[in-house]
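**Student:** Okay, these came from Swiss-Prot:
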type	residues	note
BINDING	Asn85, Thr379	Na(+) binding site
COMPBIAS	19-28	compositional bias 'Low complexity'
DISULFID	Cys246-Cys274	disulfide bond
CARBOHYD	Asn254	N-linked glycosylation site
CARBOHYD	Asn258	N-linked glycosylation site
REGION	1-99	region 'Regulates protein turnover upon amino acid deprivation'
REGION	1-28	region 'Disordered'
Amino acid sequence: MNKAPAQMSRFNIAPDMDSSSTNSNEYTNYQDHASKVPLNGIQYSDVEAESQNFLSDHHLGKKKYEAEYSPGSASFGMSVFNLGNAIMGSGILGLSYAMANTGIAMFVILLVAVAIFSLYSVHLLLKTANEGGSLVYEQLGYKAFGIPGKLAASCSITMQNFGAMASYLYIVKYELPIVIRAFLDSNDNAWYTNGDYLVLIVTMSIILPLSLLKNLGYLGYTSGFSLLCMVFFLIVVIYKKFQIPCPLPENFINITVNVSQPPQTNNSTDEECCKPKYFIFNSQTVYAVPILTFAFVCHPAILPMYEELKDRSRRKMQNVANVSFLGMFIMYLLAALFGYLTFNEAVEPELLHTYSKVYNFDVVLLIVRLAVLTAVTLTVPVVLFPIRTSVNHLLGASKEFSWPRHICITVALLVCVNILVIFVPTIRDIFGFIGASAAAMLIFILPSAFYIKLVKKESMKSVQKIGATLFLIMGFLVMTGSMALIIMDWIHNALSSEEHTGGH
């Protein structure tokens, strides 16, 4: 797999050109930069994709950035595949839940809107990189707004990474107990089938040792494996739609054959439950947009992939993004649609876990679970790398590597994410909170703010600047509106829970 420099300290990108065919001739000295990984571990040298850390200690005061011409090496097809890896993440598991709480028609409208807005955001980001003279996300923040801009970019990327890491561990918490019960052929509630204990065991025995390594290069291969896992998962979701009857009969367990003739029922309520709905509004509808934004975030990976692209130009990179987003759009739509049509109102925030309502043991689903568990477990250490680098930098640590500091930061981060996974009630809350905050910042707010500030040749009255300004305003509305509604839902649930407890 092609690799490209993730950090550049000198650029000479012509503002008025449609191409940016320059590379850096010197690099920063960080030892710990990792590659972006959504539900994958693809590496663009030292870049992370759903997560990412482009903290730099460049001399930013210079007017001009000089660089030698150094063409990228990634083909169009490879770039499309890499960006697909960057987009695809655990968010796909929450899309059926979003559809179940918006209806098919409303979900499709929202999915199309978020995909188009994400592509527009990529356009703004590429143009800003050309005009601003940097292919480093956080450096664009510094050039636009100084230290606050750099911190905003850094914190947003770190939050997105932390949310991604938590969502992966949540998948371990949900799915590993089911796998263990299947292998032991047992339904008891022993400690070794408790998700909280299993998350701690997996963290200490696998994730912590891998996270303490100074180099995770070999884990870059998990990216392709992760994407294949999700394709396999999608195929299984479509296949199972035609195997699982609706409504689900009580005690519908261990069905492996003869499901082509679902049980007859005269219950009109059950029939109503099995009828797909096109528009739904309820208390959970507020999570739909944050789940979608969480699923489409890949923007910190765009710039290093742009630098890596062979014969690069803005138009070519935009076409790469168009093809990748179209592919992920189709996968997301199919996964959401068939997951929703299978379970309708009964779908859970994490789709794969919903199948445990139907099958106590199923070989195909067991293979899917094992594959997904392997992928997410190997991805967590890669996602943790840039977070640790960011913390290192913010603490003002010296560039000299220190094992005690390295170990302390790693352990502290893993302790925090484990506490979050153990005490947060559902993965829906992680999708919702991170999608409404960090993802909204990375898709809507930061690219438009950087564009407005750094692209000088267009006046504020130009169509482009007006469009970017409206996009910025919409980003703030999405973030504040979603966060307010989600917090209100949390408060309502907490009060309802207290009343229910008090009633007994």
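Using the three backbone atoms N, Cα and C, a Cβ is placed for every residue, glycine included.
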**Student:** In DSSP terms, helix, strand or coil for Cys246 (disulfide bond)?
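**Tutor:** In three-state terms, Cys246 (disulfide bond) counts as coil.
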**Student:** For Cys274 (disulfide bond) and Thr379 (Na(+) binding site), what Cα-Cα distance in Å is obtained after rounding to a whole number?
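**Tutor:** Cα of Cys274 (disulfide bond) to Cα of Thr379 (Na(+) binding site) measures 37 Å after rounding.
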**Student:** Compute the C-alpha separation of Asn85 (Na(+) binding site) from Cys246 (disulfide bond), stating it in Å without decimals.
**Tutor:** 34
**Student:** Report, in whole Å, the straight Cα-to-Cα distance of Cys246 (disulfide bond) from Thr379 (Na(+) binding site).
**Tutor:** 36
**Student:** Among all the protein chains here, how many other CB atoms are within 10 A of the CB of Asn85 (Na(+) binding site)?
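**Tutor:** Asn85 (Na(+) binding site): 29 neighbouring Cβ atoms within 10 Å.
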**Student:** Determine the mean pLDDT over the region 'Regulates protein turnover upon amino acid deprivation' (1-99), rounding to the nearest whole number.
**Tutor:** 53
**Student:** Over all shown protein chains, what is the count of other CB atoms within 10 A of the CB belonging to Cys274 (disulfide bond)?
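**Tutor:** A count of 16.
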**Student:** With every protein chain in view, what's the tally of Cβ atoms within 10 Å of the Cβ of Thr379 (Na(+) binding site), excluding that atom itself?
**Tutor:** 28
**Student:** Would you identify the secondary structure of Thr379 (Na(+) binding site) according to DSSP, in three states?
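**Tutor:** Where Thr379 (Na(+) binding site) sits, the three-state DSSP reduction gives helix.
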